[in-house]
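K.L.:
Once you've had a glance at the structure underneath, I'll fire off some questions.
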Amino acid sequence: MIIIVIFLMCLKIVLNNIIIWSTLNQTVFLNNIFTINDTYGGLFWNTYYDNNRSNFTYCGIAGNYCSCCGHNISLYNTTNNCSLIIFPNNTEIFNRTYELVYLDKKINYTVKLLKSVDSPTITYNCTNSLITCKNNNGTNVNIYLIINNTIVNDTNGDILNYYWNGNNNFTATCMINNTISSLNETENINCTNPILKYQNYLSTLFYIIIFIVSGLIIGIFISIISVLSIRRKRKKHVEEIESPPPSESNEEDISHDDTTSIHEPSPREPLLPKPYSRYQYNTPIYYMRPSTQPLNPFPLPKPCPPPKPCPPPKPCPPPKPCPPPKPCSPPKPCRPPKPCPPPKPCPPPKPCPPPKPCPPSKPCPSPESYSPPKPLPSIPLLPNIPPLSTQNISLIHVDRII
């Protein structure tokens, strides 16, 4: 019940508010729909503008004639039934509400200016698949969107939005009209390559950066895995090279295993080569005796140290000076002075001792003589066993060759 009352009230408000569109210099007729009783002849026309209400004119009926007073006769006039006639020779009368009041009854007329339309604006966005039609100037307009000669959407507002799907290459026409004019605008839409049509290039740049960073991260991850794998293989190879050679007992066991590797497989033994075998199916078999010599070569003999240099000879001492002659006494004649003795010769320098001979280097051990491998025993094959060349097995597995 409450819903019905609200609906009737809204319907009454809508029916009592009438919008009239008119152009400049076009006569506007506001009809009086009330039946006026001669006993109650008072009737009012009021105006509303910018939420301000003012009394426009007062009318009274005497007999069948309506007489009004208080209005501008150059813009307004009344008929015999008190209907209002407007002469819109300027824009002052537009965007106003004229209220007709009789007793407890009211009706509102809103007069709006009707403008001719301009060419609409049509835009599209390939990223969102959106077409937009926009009104630029006209009033009381209807907008229609036509795609491939078919109306797909319409509105009586100023903006029309439409999302399309499916085809990315078509023709769109935006048509706008009202009661006095009509115009349209056509656009050829081509979104077959959205990457080149993006209007929001920041989103495209964002995705490109994501792809580049992801590729770099994947490349770095693969490089790290490759480097670790190479280091692991290299370390394993170095450990195999630096491992000690097998002893003689192991050599005999290995040679014995090589010569007796032909056997019938047990039911539980798979007819497949050992893992990491260096030989594949149907390949020739080579026998090689492991070398017993160490991998490292014999050290070279140490060189002889150089002989110590001889010390320099000591210098000779200087000769002693001759003593002065003694003075003569007066009666005796003076004797000639004795000659000075010759200086003693310097002793010859001691000869340098001969250098010590180098100790003889230790003789290298004689290399082990090579002995030919033992011949394989001839084992006769049964008639129903096919030759070895047709069997998909590896007879001898050499896990390591030095």
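Along the chain as shown, residues are numbered 1 onward.
Cβ atoms here come from the backbone N, Cα and C positions, even for glycine.
The N-linked glycosylation site annotation in Swiss-Prot covers N25, N52, N77, N81, N89, N95, N108, N125, N148, N153, N169, N184 (among others). What Swiss-Prot records for 302-307 is repeat '1'. Residues annotated as repeat '5' in Swiss-Prot: 326-331. Sequence annotations record features per position, and here Swiss-Prot assigns topological domain 'Cytoplasmic' to 226-402.
Neighbours and distances for these, please.
P.N.:
A coil conformation is recorded for N25 (N-linked glycosylation site) in the three-state DSSP classification, outside any helix or strand. If you draw a 10 Å sphere around the CB of N25 (N-linked glycosylation site), it holds 9 other CB atoms from the protein chains shown.
Taken residue by residue with DSSP, N52 (N-linked glycosylation site) is part of a strand.
When secondary structure is read from DSSP and collapsed to three states, N77 (N-linked glycosylation site) falls in the strand class.
The 10 Å shell around the Cβ of N81 (N-linked glycosylation site) contains 17 further Cβ atoms across the protein chains shown.
Taken residue by residue with DSSP, N89 (N-linked glycosylation site) is part of neither helix nor strand, so it is coil. Listed in sequence order, L24, N25, L75 are the same-chain residues six or more apart from N89 (N-linked glycosylation site) with CB atoms under 8 A from its CB.
Following the DSSP three-state reduction, the secondary structure of N95 (N-linked glycosylation site) is coil. Sequence-distant neighbours of N95 (N-linked glycosylation site) (same chain, six or more apart, CB under 8 Å from its CB) are Y49, V111, K112, L113, listed in sequence order.
The 10 Å shell around the Cβ of N108 (N-linked glycosylation site) contains 17 further Cβ atoms across the protein chains shown.
According to DSSP, N125 (N-linked glycosylation site) sits within a strand segment.
Classification of N148 (N-linked glycosylation site) by DSSP places it in coil, neither helical nor stranded.
Under DSSP, N153 (N-linked glycosylation site) is assigned to a strand (E or B) in the three-state scheme. With a 10 A radius on its CB, N153 (N-linked glycosylation site) counts 16 other CB atoms from all the protein chains.
Sequence-distant neighbours of N169 (N-linked glycosylation site) (same chain, six or more apart, CB under 8 Å from its CB) are I189, N190, C191, T192, listed in sequence order.
Around the Cβ of N184 (N-linked glycosylation site), a 10 Å sphere holds 16 further Cβ atoms from the protein chains shown.
Counting residues 6+ beyond its ends, the repeat '1' (302-307) has Cβ neighbours under 8 Å at 352, 355, 358 in the same chain.
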K.L.:
Counting only residues 6+ apart in the same chain, whose Cβ is under 8 Å from the Cβ of N77 (N-linked glycosylation site)?
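P.N.:
Those within reach of N77 (N-linked glycosylation site), by Cβ under 8 Å and sequence separation of 6 or more, are L84, I85, F87.
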K.L.:
So how many of the residues in the repeat '1' (302-307) end up helix, strand or coil by DSSP?
P.N.:
0 helix, 0 strand, 6 coil
K.L.:
Around the C-beta of N52 (N-linked glycosylation site), how many further C-beta atoms are within 10 angstroms, looking at every protein chain?
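P.N.:
Its Cβ shell of radius 10 Å holds 7 other Cβ atoms.
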K.L.:
What Cα-Cα separation, expressed in whole Å, is found between N108 (N-linked glycosylation site) and N81 (N-linked glycosylation site)?
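P.N.:
Answer for this pair: 17 Å between alpha carbons.
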K.L.:
Averaged over the whole of the topological domain 'Cytoplasmic' (226-402), what is the pLDDT?
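P.N.:
Value for the topological domain 'Cytoplasmic' (226-402), mean pLDDT as a whole number: 64.
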